[in-house]
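As structure tokens, the structure follows; a few thoughts come after it.
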């Protein structure tokens, strides 16, 4: 199997992983904003995620010479390593539930802020756990200041969200139609605007430039998850739940591949990254399949009811959802490969993915467009702190013996 031997190789894996894991949320957000049901999107996403793990296992997991301590993927499959397999399965379930929750949080809280909050929880809980599980192979004097920088960036991100929310509220007050603004406040549908008055809808679309009040109204009319009039606590609760789930999957994977609790029978080698990732991804796919099949018929947060037949025939946006799944799958694989070499605490530097997600949020969705100078100043400060956090966490990486 292919093994990352050098610190430089591990850091390279982390950088590539950061780009992949920071980009797929933008694709899911794009599809939801275009009106595709999140249940349909996540089924495609989860399938591609599993395929990525299979490709990695049967390619990188089979390269090179197989040894007793580092067997290749197919050699290890029949071995008696179920305690570690169950830990990998637990990690896959946690990641999948966390990703599923973030998909809904993106609509309520926004792409950038959702990623900031979930990443902060992951850094505080997950990175600290990984540091001790890895027998402190990372440099604490560098690692924890990096965590501190990340937390500062989190508070800056919260300030960005508050400032931008105030900007948006002020823009919506400028709408010329009091009735239209009332519908936004109460979350009510206006059939005369959305369905019958095509001319008014076209005029609104013509004026809807990113960052304007018309832009937010048009977005609400198109998107799958309606958010106007909904309590912000719904989104924050979903985001908090997602963050806790995501903070625990990496320590579970760490335990699966390094057996710190000595659960394996004597003489059985530890799970290699590729075998653990294979079981990890199968578990994630199965829990995603079960939950989203339920959500097709019993949808959450006021979504339209669907069916398996409707999902099969809903090909619009499927290619993008599959692409997002591959990005997530390969991103996770690269994170684990880098973590095996440099320590999972350092590999958790990929949780600075809000840096990438914020970039896509600005470029693709016009987030913070036409905002106040205060919002821009806070945004630049947050991004600068994220850059510092990534650099410091990567510099803390040690080398597993």
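Glycine too: its Cβ is placed from the backbone N, Cα and C atoms.
Over in Swiss-Prot, the protein carries these features:
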BINDING   224, 225, 226, 227, 228, 229, 230, 231  ATP binding site
TOPO_DOM  1-10  topological domain 'Extracellular'
TOPO_DOM  32-40  topological domain 'Cytoplasmic'
TOPO_DOM  62-81  topological domain 'Extracellular'
TOPO_DOM  126-141  topological domain 'Extracellular'
TOPO_DOM  163-231  topological domain 'Cytoplasmic'
TOPO_DOM  253-275  topological domain 'Extracellular'
TOPO_DOM  297-318  topological domain 'Cytoplasmic'
TOPO_DOM  340-344  topological domain 'Extracellular'
TOPO_DOM  366-374  topological domain 'Cytoplasmic'
TOPO_DOM  396-401  topological domain 'Extracellular'
TRANSMEM  11-31  transmembrane segment
TRANSMEM  41-61  transmembrane segment
TRANSMEM  82-102  transmembrane segment
TRANSMEM  105-125  transmembrane segment
TRANSMEM  142-162  transmembrane segment
TRANSMEM  232-252  transmembrane segment
TRANSMEM  276-296  transmembrane segment
TRANSMEM  319-339  transmembrane segment
TRANSMEM  345-365  transmembrane segment
TRANSMEM  375-395  transmembrane segment
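Residue counts for the topological domain 'Cytoplasmic' (366-374) by DSSP state, with H, G and I taken as helix and E and B as strand, are 2 helix, 0 strand, 7 coil.
Within its own chain, the topological domain 'Extracellular' (62-81) is flanked in space by residues 1-3, 264-265, 268-272, 274-275, 278, which lie at least six positions past its ends and keep a Cβ under 8 Å from the stretch. With a cut-off of 8 Å on Cβ pairs spaced 6 or more residues apart, the transmembrane segment (276-296) and the transmembrane segment (319-339) reach 3 or more such pairs and are scored as touching.
Here the transmembrane segment (11-31) has Cβ contacts under 8 Å with residues 4, 38, 41-42, 45, 102-103, 106-107, 111, 114-115, 317, 320-321, 323-325, 327-328, 330-332, 334-335, 337-338, 341-342, 346-347, 349-350, 352-357, 359-361, 364-365, 390, 394, 397 of the same chain, all six or more residues outside its ends.
Residues in the topological domain 'Cytoplasmic' (297-318) partition by DSSP class (helix H, G, I; strand E, B; coil) as 8 helix, 0 strand, 14 coil. Considering other CB atoms within 10 Å as the measure, the emptiest surroundings among the binding-site residues 225, 228, 229, 230 are those of 229. Against the transmembrane segment (375-395), stretch 142-162 shows more Cβ pairs under 8 Å than any other of 41-61, 105-125, 142-162, 232-252, 319-339. Within the chain carrying the topological domain 'Cytoplasmic' (366-374), a Cβ under 8 angstroms from the stretch's Cβ atoms is held by residues 110-112, 160, 163-164, 166-167, 171, 210-212, 215, 358, all 6 or more beyond its ends. Proximity of the transmembrane segment (319-339) to the transmembrane segment (105-125) is not established, fewer than 3 Cβ-Cβ distances being under 8 Å for residue pairs spaced 6 or more apart. Residues belonging to the topological domain 'Cytoplasmic' (366-374) score a mean pLDDT of 83 in the model. Within the chain, the transmembrane segment (82-102) has long-range Cβ neighbours (under 8 A, six or more residues past its boundaries) at 25, 42, 45-46, 114-115, 118, 238-239, 241-246, 248-253, 255-257, 259, 263-264, 270-271, 276-277, 279-285, 287-288, 291-292, 328, 332. Assigned with DSSP, the residues of the topological domain 'Cytoplasmic' (32-40) fall into helix, strand and coil as follows: 5 helix, 0 strand, 4 coil. Non-local neighbours of the topological domain 'Extracellular' (253-275) in the same chain are 1, 56-57, 60-61, 68-73, 76-77, 79-81, 83-85, 87-88, 91, 129-130, 133-135, 333, 336-337, 339-340, 344; each lies 6+ residues outside the stretch with a CB under 8 Å from one of its CB atoms. For residue 227 (ATP binding site), other Cβ atoms within 10 Å of its Cβ number 19.
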